[in-house]
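> There's a structure below that I have some questions on.
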Protein chains: 2
Amino acid sequence: MSAYQNLHSAFRKIAYYQHCLTILEWDQEVMMPGGGAEERANAIAEMSALEHSAMNQPEIQTWLDVCAEADLTADEAANVREMRRAWQNSNLMPEELVREQAVANALCQQQWTTLRPQNDWAGFSTSFTRVVELAREQARIRQQALNTPTPYDAMLGLYSCGDSASLIDETFAQLKAILPEMINTVCERQNKTTRVNVRGEFPVAQQQQLSHNIAATLGFDFNAGRLDISAHPFSTGNPGDQRITTRYRTDDFLDALFGTVHETGHASYEAGLPKAWRGQPLGLARNMSIHESQSLFFEKHIGTTDAFCALLAKQVQTLFSADVSLSADELKQAVCWVEPGLIRVSADELSYPLHIIVRHEIESALINGDMEVSDIPDAWNQKMQQYLGLNTQGNNKDGCMQDVHWPSGAFGYFPSYTLGAVNAAQLRAAMETKIGDLNALIAANEIAQITQWLHDNIWQWGSRLESQELMQRATGKPTNAAALITHFERQYGL
Amino acid sequence: MSAYQNLHSAFRKIAYYQHCLTILEWDQEVMMPGGGAEERANAIAEMSALEHSAMNQPEIQTWLDVCAEADLTADEAANVREMRRAWQNSNLMPEELVREQAVANALCQQQWTTLRPQNDWAGFSTSFTRVVELAREQARIRQQALNTPTPYDAMLGLYSCGDSASLIDETFAQLKAILPEMINTVCERQNKTTRVNVRGEFPVAQQQQLSHNIAATLGFDFNAGRLDISAHPFSTGNPGDQRITTRYRTDDFLDALFGTVHETGHASYEAGLPKAWRGQPLGLARNMSIHESQSLFFEKHIGTTDAFCALLAKQVQTLFSADVSLSADELKQAVCWVEPGLIRVSADELSYPLHIIVRHEIESALINGDMEVSDIPDAWNQKMQQYLGLNTQGNNKDGCMQDVHWPSGAFGYFPSYTLGAVNAAQLRAAMETKIGDLNALIAANEIAQITQWLHDNIWQWGSRLESQELMQRATGKPTNAAALITHFERQYGL
Ligand SMILES: [Zn+2]
Ligand SMILES: [Zn+2]
């Protein structure tokens, strides 16, 4: 076998191990009774170790080096590029540091679960300081090996490879410059209107039917996927088998429903990846910023059109009891209501980027060594005041302690949420110049045209192009905040 | 590490691979959408190969040989005995034959799915002849290595290790001598009574509730297990996480319900295995004859008592619509009705052993080379006539082609069903001398005493004892048909 063939079959095997892990973890969140927890945790650890050692067998490096000189097709060369990337991510770190991080991050995340509700920053910061120290070491090693401009850039590569810190800074600067005022304008205007009450009693069975119908309308194929319930909505799966979850509150149907719409976006991307490259790194989704652009395209673009709200109003009328009657306009008002608050996960579309910018500014300074853990609460409060006019002094549980990302060591993840929003708006603008107005297409029952465009321009490419090449090809330019700003202006009549 | 410690950790690892396979296969039957089939089949094949190569690494044999001379505790020595057994089952066969069998059995089983409904014996027998040839080769190799009296004995060891062909022949001879006449007597008496109609309209949701309640009553712990729906009822799982399934027909609730009772017996055995030996061969269930004795104890002993039928009648009254009203006596009549028929899986308790004896006599002759494939249809018809008074001439689809076992190469499996019935009755008799009448215990709400006795005498032993040592210890004698015959006499007032 050639070096390329060896790599091909080694990565195919690794993908089967990942298939097992995907199902073990999905089952753990969605199906497994509590009694199975201990044995399952051990089985997952065993499979992860197996995957790790398959990726770190010494032959991989040899084969990668031979392939660098080999005569490969462009697709094969791109596959090798992605193999090397995956191999580096797994292989760069000394085993000792990997183990230390696993222990420190697990401990900190575990303490966070109890210390956050107690608002105990002092207790938390001890174990969190260790997490940051080790993450800085990780960033330093990655920076040296990958030759990135900053340590933080090296961390970004784990989630949004191809999107540099300078691109993010530029994009976020554009948003920071206009969002605070935009939010004020929208809130002042909202004050003059009456907010419709969309709360009520919504039985879970009907909500499940609603989520099922809407997912199907958006193209989710239930012969190649499932929709289940879990504590936190997520999307996972294997080729031909996408698994999304949501959770239901009986007093509010919009929460679960838009969770489903969001996860359907993620699942559609996965389902549309190139079949010819199944089980190879080239066949995987590009990165988190592109992934989130697909879920946010479904949630924030398709999901907020008049036509989609009309379709939704009809479903709501059929499924829930006669006294629930909401017009398309009323639903749209609820979905687009702007109201700055302390919590990221319940933030509206305009506030959300500012939540991310607070986190990005702090975590990049932290990783680059320009800020210490003890500075975080004040920095957080100061930035929240400045961007959203909200005070978090003494309220760290709803401030810098609110997210699981940092205690679990995931520095560099946050920007992908807002890069996703930016990419989604940019893709919508490009799509509309090609196939026409999104709202009109949905009104004309042509959602399939929309998903076809996304398939042709994003999904079918897998990891063939770098993220900015992909955006350039699909939209004519790299990631840029202009389209998102235009979208906000149009959405809120500014 | 000592050789024993090396074996301990190698088998612990193999158990984690089996954990993955268990969940991949459960998910495939119960949860997976059709689109995932191809990738899942490949992932399962990959994991099976991994398990196989972990079992066949050359060090295993060395460690086993060192352990044969080592100073081990009795438990450790028994664990090594079971390790060697598992290793031999996996290792005895030449890779080439394993591969050939995998292909031939899969092909024959696949053809069987379409040729059985067409009653096409001629088409079927071509690929089936190859299956038999390879199974004979397998039996010959196993016989030589394990030094068993006959080739068929060597096949039995795969499913009911410790139960010899001569023990089976003796047991079956006792049953064959009395059952045909017993069935005649019971049927004649039944002719003089009116058969109660238990068919009706039973919505699936209520049937699920009924199955759930009854499983819980029998001690199934839903914090350490699940009950789901699948095409064929089965029981599987991992430590702390037992998974049983059933299927629902809306015109008959007894079918699904007694399926659940049966699978709850299997699951209770698994849940009661010794926790200290989790992940080691010593911690596994003894063999199929013991396993089936537990499911049949639940189904045929607990399930047919007056007290259980009374408990059931109450549940039926609460759960189904008012016009379904069945007394305990009526339920018992339905559950114990005797009516010889062509199909094994729907056979009553008295006919069932005769179905097994037909198969056992044919498959043992086939594997030992005393019968050829072309002889099967006539032999089947002749034996069905003789034992059950039924004709299968020209009706092979409901005769010798009805089971999946033979086309899939599982020769030697059938006897465990009837050995299980024999063991169950023998365990009941022994239990009743210790803790009193089964019916009285259930009437007194003391099912926990019954399961405690099974736990102490069967479940907690795992594979510590050989099957006949286990029966001897629990009942004072090896497997013997006397108790089952007594049970039949009592059950049918003979
Ligand atoms: Zn998302
Ligand atoms: Zn069974």
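Along the chain as shown, residues are numbered 1 onward.
Including glycine, each Cβ sits where the backbone N, Cα and C put it.
Annotations per TrEMBL:
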| type | residues | note |
| --- | --- | --- |
| BINDING | A:HIS262, A:HIS266, A:GLU292 | Zn(2+) binding site |
| ACT_SITE | A:GLU263 | active site, proton donor/acceptor |
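Give me the structural setting of these features: burial, nearby parts and distances.
The Cβ of A:GLU292 (Zn(2+) binding site) lies under 8 Å from the Cβ of A:SER416, A:TYR417, A:LEU419, A:GLY420, A:ALA421, A:ASN423, A:ALA424, each of these being in the same chain and 6 or more residues away along the sequence. Annotation note: A:GLU292 (Zn(2+) binding site) sits in a helical segment as assigned by DSSP.
In the three-state DSSP classification, A:GLU263 (active site, proton donor/acceptor) falls within a helix. Around the Cβ of A:GLU263 (active site, proton donor/acceptor), the number of neighbouring Cβ atoms within 10 Å comes to 26.
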> What are the sequence-distant neighbours of A:HIS266 (Zn(2+) binding site), meaning same chain, six or more residues apart, C-beta distance under 8 angstroms?
A:SER235, A:ILE244, A:HIS291, A:GLN294, A:SER295
> Around the Zn(2+) site formed by A:HIS262, A:HIS266, A:GLU292, list the extra residues of the same chain whose Cβ is within 8 Å of the site's Cβ centroid.
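Going along the sequence, the neighbours appear as A:SER235, A:GLU263, A:GLY265, A:HIS291, A:GLN294, A:SER295, A:LEU296, A:PHE298, A:GLU299, A:GLY420.
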> For A:HIS262 (Zn(2+) binding site), just count the other CB atoms lying within 10 A of its CB, please.
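Other Cβ atoms within 10 Å of A:HIS262 (Zn(2+) binding site): 23.
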